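Notes for the one structure printed next.
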Amino acid sequence: MHPQQLVISWFSLVLLASSLMTIWELEKDVYVVELDWHPDAPGEMVVLTCHTPEEDDITWTSAQSSEVLGSGKTLTIQVKEFGDAGQYTCHKGGKVLSRSLLLIHKKEDGIWSTDILKEQKESKNKIFLKCEAKNYSGRFTCWWLTAISTDLKFSVKSSRGFSDPQGVTCGAVTLSAERVRVDNRDYKKYTVECQEGSACPSAEESLPIEVVVDAIHKLKYENYTSSFFIRDIIKPDPPTNLQLKPLKNSRHVEVSWEYPDTWSTPHSYFSLTFCVQAQGKNNREKKDRLCVDKTSAKVVCHKDAKIRVQARDRYYSSSWSDWASVSCS
């Protein structure tokens, strides 16, 4: 092939790939248009097709305007801003034949917009989704925050691996009754529970789980991704059945506890380590903290104080559980 022909062919391929990537189907009759978001951007040319065997007397309208926008089985529009998005409908003789909804995914300075969810500032990386697992069963919960109250829709998909995805099923997204306050502003918390179908608790993980949240606010589309191994998101439930046993002729007591009911078994294989801490009046913490691998410890327990215990995977530095506590009095 002549070099000039090769360059022309390559350029044509790039144009084709670009046009394929800038509009794609999110779900049936819902399309996402990817736009460079700056004043001089030309926008994207979108061709809508009326899904009908009819050929003649077809007209088009949109939710933004009751005027007839065009006629024929296809409608070509230029999408540059949110006013160009929305629902487009084709009709014949007053009868609706099909509808197409256009959403916009903004890219500013090469970065996709993240306006819908609240960034959770708990690490050097930008985190919008947080996921936790109580054990190694393959079941985990993810959540996110938003200040938006209306015209909001979420959907979640998940898999382990990319080239050969394994089945991870996620349930319906639910709005939590919990309200989270950050920087003097209230945020709504949404959660979803997922389960890996073929999880083997004792197997070594070689491929990460990926969770993708599709978020829609009015006509704006965004997606958020979290990738992790189950071992990295483990956070046990707090220890249970805390009890104090006074020791004769001593200021010390023996505090005992049990593994949380939700933790993986057998405990001889899925072992936890525990930290014990005395906490004084008004929740004033003492700096000393005793960490043990067994389910009891001897500590000083002053009147009006309390003893609290937390747990973590013994062999992997994942998250500590929340505290469980028992009163000294």
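Just so it is clear, glycine is given a Cβ too, placed from its N, Cα and C backbone atoms.
Here Swiss-Prot flags 1-22 as signal peptide.
According to Swiss-Prot, the domain 'Ig-like C2-type' annotation covers 29-106. Per-class residue totals from DSSP over the domain 'Ig-like C2-type' (29-106), listed helix then strand then coil: 3 helix, 49 strand, 26 coil.
What Swiss-Prot records for Cys50-Cys90 is disulfide bond.
Taken residue by residue with DSSP, Asn135 (N-linked glycosylation site) is part of neither helix nor strand, so it is coil. Swiss-Prot lists Asn135 (among others) with the feature N-linked glycosylation site.
Secondary structure from DSSP puts Asn223 (N-linked glycosylation site) in a beta strand. Residues annotated as N-linked glycosylation site in Swiss-Prot, with sequence analysis given as evidence: Asn223 (among others).
Positions annotated as domain 'Fibronectin type-III' by Swiss-Prot: 238-329. Per-class residue totals from DSSP over the domain 'Fibronectin type-III' (238-329), listed helix then strand then coil: 3 helix, 43 strand, 46 coil.
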Give the mean pLDDT for the domain 'Fibronectin type-III' (238-329) on the 0 to 100 scale.
91
Closest of Cys50, Cys90, Asn223 to Asn135 (N-linked glycosylation site), Cα positions, recorded positions only:
Asn223
Other C-beta atoms that fall within 10 angstroms of the C-beta of Asn135 (N-linked glycosylation site):
20
